[in-house]
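Database features (TrEMBL):
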type    : residues                       : note
BINDING : His61, Glu62, His94, Glu95     : Fe cation 1 binding site
REPEAT  : 75-115                         : repeat 'HEAT'
BINDING : His219, Glu220, His252, Glu253 : Fe cation 2 binding site
Amino acid sequence: MSTGVSDNDNTVSKLSSMLIDNTLPMKLRFRILFTLKTLNGKHAIDAINLAFNDTSALLKHECAYCLGQMANQYAIPYLLRVLNDEKEDSMVRHEAGEALGAIGCYDNKDVLNALEANSQSNYPEIAETCQIALDRLKWLHENNICDSNNKKPYSTIDPAPAFDITDISDLRTILLDEKKSLFERYRALFALRDLGSDNDNAVLAICDGFQCSSALFRHEIAFVLGQLQSVCSINALKSQLNKLDEHYMVRHECAETLGSIGTNECQKLLELYLNDRDRVVRESCEVALDISDYVNSKDFQYCNGLKLVEMEC
């Protein structure tokens, strides 16, 4: 399907220059990044890769996410380098691991070896992510499936396929069972998400996942709530953001989700944390407030980088 944009060198070059310009506001650089994601060609991937040299873990994490969602094998070497870089922030490396799982090359030995090695990382968020990615690749291979996202209500490539279960109580039980693998619990999570667009009980069941011990899992709970954009999740998200001892990866995701919900209450809460002690949280609140502005505006699309390029000309 055509996106209405063409991946030409001149446009991508201008977008790339803006993406790596650390004098620009983070909220603007995010819009540029997601415009490059929409272009999805080799030049766009090269441009996104340049941003891995930035000092912002938030931006680099989002770059890895976008490369995974673009599902282009050309990005694999870039993602492998990030995942294997022990000097890189663990949140960025986690996202690179998840992105490699999203691209879905279960026959790529370099990918499998990197995921296997990093599934033994001392950082739980990296180890758990890589194990989930391996489980996803195994599932795709065993089921002879290239795309696990067919016939689902959300366009994102999920780290695990949703269960074909519709009983909310059964799914909640799986979600909260810490004896089960994270891959199985993710499958329950995405099944609840697919039910949650018109069912508050499914949303509240997802919110219960914040009580679980894995920071990675709690972060994914927040991400899924951002897809649902349900006001009944605000209190749970607010509670997690207010926990200053919560993993910054979780608080960051809660902030961006509150921005996507976009109520006045959400906006006021985000403004309180614009000067948070953690850079990832500060920048997330800046981006989240911009997302909230977009949600409450009449703008056609968030990825308006091409319009910004035209204004530069």
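Any Cβ shown, glycine's included, is placed from N, Cα and C.
Between the binding-site residues Glu95, Glu253, the minimum number of other C-beta atoms within 10 Å of a residue's C-beta occurs at Glu253. Spatial neighbours are here defined as Cα atoms within 10 angstroms of one another, and by that definition His219 (Fe cation 2 binding site) has no neighbours among the binding-site residues His61, Glu62, His94, Glu95.
Sequence-remote contacts of a segment are chain residues at least 6 beyond its ends whose Cβ falls under 8 Å from one of its Cβ atoms, and for the repeat 'HEAT' (75-115) they are 45, 48-49, 52, 57, 60-62, 64-65, 67-69, 121, 123, 125-126, 129-130, 132-134, 136-138, 140-141, 146-147, 157, 159, 216, 248-249, 252, 280. With a 10 A radius on its CB, Glu62 (Fe cation 1 binding site) counts 25 other CB atoms from all the protein chains. Most Cβ neighbours within 10 Å among the binding-site residues His219, His252: this distinction goes to His252.
Recorded residues Glu95 (Fe cation 1 binding site) and Glu220 (Fe cation 2 binding site) have their alpha carbons 11 Å apart, per Cα-Cα distance. A distance of 12 Å separates the Cα atom of Glu220 (Fe cation 2 binding site) from that of His94 (Fe cation 1 binding site). In the three-state DSSP assignment, the secondary structure recorded for His252 (Fe cation 2 binding site) is helix. Shown in sequence order, Ala57, Lys60, Cys63, Ala64, Tyr65, Met91, Val92, Ala96, Glu98 are the same-chain residues outside His61, Glu62, His94, Glu95 whose Cβ sits within 8 Å of the Cβ centre of the Fe cation 1 site. Neighbour density for Glu220 (Fe cation 2 binding site): within 10 A of its CB lie 28 other CB atoms from the protein chains shown. For the repeat 'HEAT' (75-115), the predicted model reports an average pLDDT of 98. Remark: His94 (Fe cation 1 binding site) has His61, Tyr123, Glu125, Ile126, Thr129, Leu216, Met249 as non-local neighbours, by Cβ distance under 8 Å and separation of at least 6 in sequence.
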